[in-house]
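Report on the following structure.
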């Protein structure tokens, strides 16, 4: 590592000090030219300069310390300017397997499962095609998140802190924390409901919340024994979900013909539009976009070596695709079970996460192993795993945006407390009826929908920026596709917000506050978009005041 020159504001008072300063500067210059090949492009030079500058500060916040990373011992291409990639290796794929499955938990959290069961009960098999394409859109966004983490050696929260002015970075951090707390409340409540089911109602909701919180800390202790141990725990939890919901699928025996038609034939009606919005809206979780860019740094990859970066991206693409295929199958199982059992029934409009187990037991009976307990086990695995990844994401978001130099255990305590305290309050206040929990869930979905642009826009801005990504910036075609997906998700969630506020906002004062908040919200989104130096920014500049077009730190 290059040592920093002495920071002395007074002029050197001797020839010896002057010679020492020149020697240090010469050492830095020699090191720079040694690392930078003669054929490097200006973008490569910019990326390397930023890397060298970051290396000058040992105290800089990092996703993983060097001793925590998994060593990929047989990288064959160590030349900085080599862009060739060695042949595929199952051994290397196994070493890279892990981050994508942790990321996929956000596609299986209790909020998603509730969206699945409601879509099945109200829309039947007709929205399966949308579930499939929404998962594909989610995969594209998550691959871009992984790309930015591997190519830069930094995660998204850190890059946002460097890219945007201080005030904008603070706003982005606040929005990410709010989204995380909203998701965490849903996940912890879902896990607590599962504990209530498995205890036959003996344990109230608030006790389940406390158990979930303590279990989360116990699992996080495994991180001290290595990243692979923690990834193994997640593998067990995902397997538990897959087996539980596959068992339910086998018990329910959904129609194969209707399932295939639902997957292959797009169909949408006015009655199912709200469920369709929910299916798409649940796929993009703001905290998950930040999380994946940090998780991929758990492997030892040198961002200055093109061959290593490209090889890592290839393996992460395969791994993430496999992980989201598993998550899609689990979501498919849940949707089809409730489509078979409750579509067209009088319970369809009232079914939710709280009473789903009871309805399943009434519909399918007890049997050798009652379906109620199978549902409870799967829901518990979903809730527990998603709360752990939520805590994980909270550490990276807080550390990256604020550059906090705290121990991970301290950060975990802070982020967990931020979610657990409001969750306990919610559990006590909303545990009076099933309808009150459904209202709470609607508000939490709205809360997370509001935050989606503040994760997607910075991601797409940075991943298409040559100064940040170097040769690994995305091309124009992929950039347009990504912005199309992001725009579609934002518009769909905008519809959800509009529908919600039109039905919920009553009174002049409340309406004025919502209108003022909406104006500030839209202004900040326009600022984030205009921050980009692209064709989109140039087009928007024709319609947006110059005061919104400021860029730079």
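Keep in mind that glycine also has a Cβ here, set from the backbone N, Cα and C atoms.
Range 203-221 is the one annotated as transmembrane segment, of 184-202, 203-221, 260-278, 279-297 (source: TrEMBL).
The transmembrane segment annotation in TrEMBL falls on one of the ranges 508-529, 530-551, namely 508-529. The stretch from 122-144, 164-183, 233-250, 322-343, 483-502 that makes the most Cβ contacts under 8 Å with the transmembrane segment (364-382) is 233-250. For the transmembrane segment (164-183), the residues of the chain that approach it from at least six positions outside its boundaries are 106, 109, 111, 157, 285-287, 290, 386, 390, 393-394, 397-398, 401-402, 415, 418-419, 422, 444, 447-448, 450-451, 454-455, 458, 524, 527-528, 531, 550, 552-553, judged by C-beta separation under 8 angstroms. Under 8 Å from some Cβ of the transmembrane segment (122-144) lie the Cβ atoms of residues 100, 103, 107, 116, 254-255, 258-259, 261-269, 271-272, 275-276, 279-280, 283-284, 288-289, 292, 316-317, 320-321, 324, 327-328, 331-332, 335-336, 339, 343-344, 348-349, 456, 459-460, 463, 474, 481-482, 485-486, 488-489, all in the same chain and six or more residues away from its ends.
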